[in-house]
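Notes follow once the structure below has been shown.
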């Protein structure tokens, strides 16, 4: 039964070229993690060296063939049903924000739930704008293509730059989550290395976790990489089930009151809220994969409504259960003596280790593109793996140096997600459809664009200040 469910969630239909039919690659998972969505979109489209087709079949190809395949025709066979598209979209939207929704609500007050819902509604609307942009530019197949159609090569470069930054910061957030949950589940463990006496047990445990995942960066078979993402699906199911179990069976009494509103904390949590809905990078691919693209907006509406309901219910449940003591990762607030808590902690700790290879795939493709064609496949693999390993060690160093999950998550959402989810779609739509826009539509989209910029800038300033304050405090201590 699980295999059927897994196939249903994973199998994102692939547009096909005029060449012999390809087998669909299993891609659409990111229920856990946001950066994985970005990686899949990159590997599926922009990674194909400006292919005219998107989401090409890479299930049996290595990264070298992905990079060199450049003559795919501009014809696709869209075979994704409405229900299939909804499942894929929901899977992409549920991610790291699931861990922090309760924390954000408790800190912002129950009235901030209107912001949580409002941002979700706006993101659903901007997904509709992306679909409208694709209607006006049939040859566009990815988020970056839309950026190029709107603003030329600068639009593409800007979009891809924000994608890179989001992937990098998301990987840092994952590594921090690995550190926090692994340290909690292995509390009491003592480790010391003679050559690194200054490293704490928690840091050593995190290093071990990252080193265990390191060999996955050398994988070249994308089908193997995509299978690793099952951890994200499982993590989301376990987290929601665990919190629901505590509430339904009253293992923890839901007797905490939630404050009405902490207005001064809104900038500090708005980035977490927008990060929870960040899946726009993949939406153009979903649109192109649908049998009836005209139903994309309806599919988007159903998906966002479902995810908004999930996040809102989880946020209120966690805040009522744990009150002011709720952690930025809800798994860290659960009673430690319960078996279900240990399962949730292990799931949250292991999931990041399954994500690194898939989320590094875009960087791997870029590295291969930049290498001379005279290099052998083996040489390219060694260089790609070595550079990927170095980047992961840099991410590990940053995560251990800045172990503040909520601040990094808010910074990621504020700095890049507001732009990718709200600002850019509105700007693309205004530019592409300027000749046909009504005055009302122009004012509406310009207002949303300005709102996205305002919240993004405010959140970036707030999260940066909080980050530096925490660093200064810990340094002084």
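From the backbone N, Cα and C atoms, a Cβ is placed for every residue, glycine too.
As given in TrEMBL:
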{"type": "DOMAIN", "residues": "79-461", "note": "domain 'Amino acid transporter transmembrane'"}
{"type": "TRANSMEM", "residues": "86-105", "note": "transmembrane segment"}
{"type": "TRANSMEM", "residues": "111-131", "note": "transmembrane segment"}
{"type": "TRANSMEM", "residues": "157-179", "note": "transmembrane segment"}
{"type": "TRANSMEM", "residues": "199-220", "note": "transmembrane segment"}
{"type": "TRANSMEM", "residues": "227-248", "note": "transmembrane segment"}
{"type": "TRANSMEM", "residues": "268-287", "note": "transmembrane segment"}
{"type": "TRANSMEM", "residues": "299-319", "note": "transmembrane segment"}
{"type": "TRANSMEM", "residues": "339-361", "note": "transmembrane segment"}
{"type": "TRANSMEM", "residues": "382-405", "note": "transmembrane segment"}
{"type": "TRANSMEM", "residues": "411-430", "note": "transmembrane segment"}
{"type": "TRANSMEM", "residues": "442-461", "note": "transmembrane segment"}
Exercise. Per the 3+ Cβ pairs under 8 Å rule, pairs at least 6 apart in sequence, do the transmembrane segment (442-461) and the transmembrane segment (111-131) touch?
Worked result: yes
Problem set entry | Contact between the transmembrane segment (411-430) and the transmembrane segment (86-105) (at least 3 Cβ pairs under 8 Å, separation 6+) | no
Exercise. Do at least three C-beta pairs under 8 angstroms join the transmembrane segment (111-131) to the transmembrane segment (86-105), pairs 6 or more apart in sequence?
Worked result: yes
Exercise. For the transmembrane segment (299-319), what are the same-chain contacts with Cβ under 8 Å, counting residues 6+ beyond its ends?
Worked result: 82, 85-86, 89-90, 93-94, 97-98, 101-106, 110, 113, 116-117, 120-121, 123-124, 127-128, 131, 240, 243-244, 247, 254, 256, 258, 276-277, 283, 286, 290, 326, 330, 333
